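Swiss-Prot lists C93, H249, N273 with the feature active site, giving similarity to another entry as the kind of evidence. What Swiss-Prot lists as domain 'Calpain catalytic' is 34-331. Taken from Swiss-Prot, the feature domain 'EF-hand 1' covers 537-572, and the record attributes it to sequence analysis. As annotated by Swiss-Prot, domain 'EF-hand 2' applies to 635-668.
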Amino acid sequence: MAHDTEALEETSVVKFKNQDFRFLRDRCLSRGQLFIDDTFPAEASSIGQKLLMGKRLPKLEWKRPQDLSFGPPHFILEGASRFDIQQGRAGDCWFLAALGSLTQNPQCLQKILMNQSFSYQYAGIFHFRFWQCGQWVEVVIDDRLPVVGNNFCFVHPRRGNQEFWPCLMEKAYAKLLGSYSQLHYGYLPDALVDLTGGVVTRINLHSSPSDLLMVVKTAVQTGSMVACATPKWLTEESEVMENGLVSQHAYTVTGAEKIQYRRGWEEIIRLWNPWGNTEWRGRWGDGSQEWWETHGSRKSQLYENKDDGEFWMSCRDFHENFSCLYICSQFPITMDPGVTPNESWRQMRFKNQVISGNTAGGDGRDIQYLFDVQEPMDGNNVIVAFTVMPQSLKTEEWPFPLQFQVFKVDSQFQKFQKRLPPAFFSQFRDAAQGIDYVTKRNFTKSFHLSPGTYVVVASAHGKEVEFLLRIFLKMPHKDRNPNSSFNLKALKGSLSENESPKSSFHRYMDQGLDIDASQLQSLLNQEYLTGPPGDTFSLDQCQSIMALMDLKVNGRLDREEFARLQSRLIHCQHVFQHIQRSQGVLRSSDLWEVIESTDFLSGVLLSKELLSLMTLRYSDSSGRLSFPSLVCFLIRLETMSKAFRNLSKDGKSIYLTEMEWMKLVMYS
């Protein structure tokens, strides 16, 4: 019986099938050969029977990109984007929708794609990384792709057959799972987890919260992966319906907004179809009456009438036509009323767990995991997430081999540290939750549990199963002020006598002496800022703050730079709380008073025209400013004013070369 795990270490990378990319590449380069992958051969077995039935096998060929491209092939051309992807014959929209979402987080995407090309050290070999049961697995492939004639069997390159990263990544994922057939009709959360190592929150759209728009918008802005699926229609196969949607199909959620329409406001959500075409034909779709009746800068910001698979639709239509929404992030997102996306969670992780094949029924209760719930809380406070190794499963196996129960442990049994005795599992004992069958490779279950000690008991149907178990425990917000919409805690007031701001800062340092933008985002949202969805610091805002405060121009903040930022955050909080019209809301008309009340802006000159432009830049469509937007505005105003004074010789004008100007405006 396990009671806890060690602190989460940096996950090592495992070589799939023991293939070392650098060794294989260097050997091919030294021999002047292009790599041929014998572990995933250019044969029908790599396609799989499910996709070969009735297909023209004699005409199937495997060709390298240089034999298919209309020009020099590229791995990535002008940046990786969801619009580079176009689904082929395999029903792998579940994987491609997840991949499309990942392209919106370039930092995470780069960890999977890595730096590769068709020019530097090209040897016909590529490698990609996927997350499998608590560890990253590196998959090596050759670049031979299945075609009939010169038509791609699976994912198509979009730009003149020149950009090949989606095709090669799809092949690597097919190799990981066994064949291209294993990509044919899968489970969307599996791909979300395999691409990130995150945990998936499933939202039933028929009973979703009223603030779904804000939840989705915040999730997209903070780099979480968001995707959704349509239900089955009349047939078992996916088909295009009259409204333009595809049944049994996965879509990427790429944005959510509120837009002024006629005399009111309309909530709209943006989706992308992995087919690369075939869009919604209803309200707010491309070319719809709603867009014709919408004018101004807001329309130009949001709307493009392109046949690229991306479209807007109203949230009401989204609820009616989609069955479920999935949000994948490093920690769970609960949908309880009043809960913010920056809830604090503690994770217990149990890797490489194996249930032997001879455990079943009552005898299967020898895999046990203890955890404690410390304090009472509203809403779901425990998340149990199982990830089963694909090799433990057979195609379309049912019943699924793994099941689990959660029991509360009485005080008289808490002395047992290694194993609860059979007497604990008497026929009169009720589980905190009935038997849960792990029906998918990635299965997540939420619980609302009272304080006490609990045990997760896993068992199998007489089969050996390898899995990862993660238990997420919600931590109390001891420093939250229940009477305020947000609370940026001044560090000096919350630290003990023996603790300094620098030691608090140490908790967020990545084994060095500074932090990057993503760590800054975590620090601001999880430690200092609590508020409604949408009022948290986005990654883009943190990158902007980072550039403004980064005196050394290295993309990170050191101790002194962070201390400088901290003092401004605390001052911004005081100004915001003093001037706000209502809790958590500042009107753009209050900006003059804000600037006059901000000490670190002393001496800054501002015209009414410039202030009007800043109002357009930093306020929302209803003229309100969130606290993060205000921070970005004030810090940028200070930085640019100081830059002018430092560069000006007469206090009236400055002279810059083109490169000096570009550096100033592009990285600040």
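Easy rule for this one: first residue shown is 1, then count along the chain.
Just so you know, glycine gets a Cβ as well, placed from its N, Cα and C.
Source: prediction; values computed, not measured.
Mapped onto this structure are the features recorded in Swiss-Prot.
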{"residue": "C93", "record": "active site", "Cβ neighbours (10 Å)": "27"}
{"residue": "H249", "record": "active site", "Cβ neighbours (10 Å)": "25"}
{"residue": "N273", "record": "active site", "Cβ neighbours (10 Å)": "26"}
Between C93 (active site) and H249 (active site), how many Å separate their Cα atoms? 7
Taking every residue in the domain 'Calpain catalytic' (34-331), what is their average pLDDT? 91
For the domain 'EF-hand 1' (537-572), the DSSP helix/strand/coil residue counts are 25 helix, 1 strand, 10 coil
Counted with DSSP (H/G/I as helix, E/B as strand, rest coil), the domain 'EF-hand 2' (635-668) has 22 helix, 0 strand, 12 coil
Whole-number answer please: how many Å between the C-alpha atoms of H249 (active site) and N273 (active site)? 9
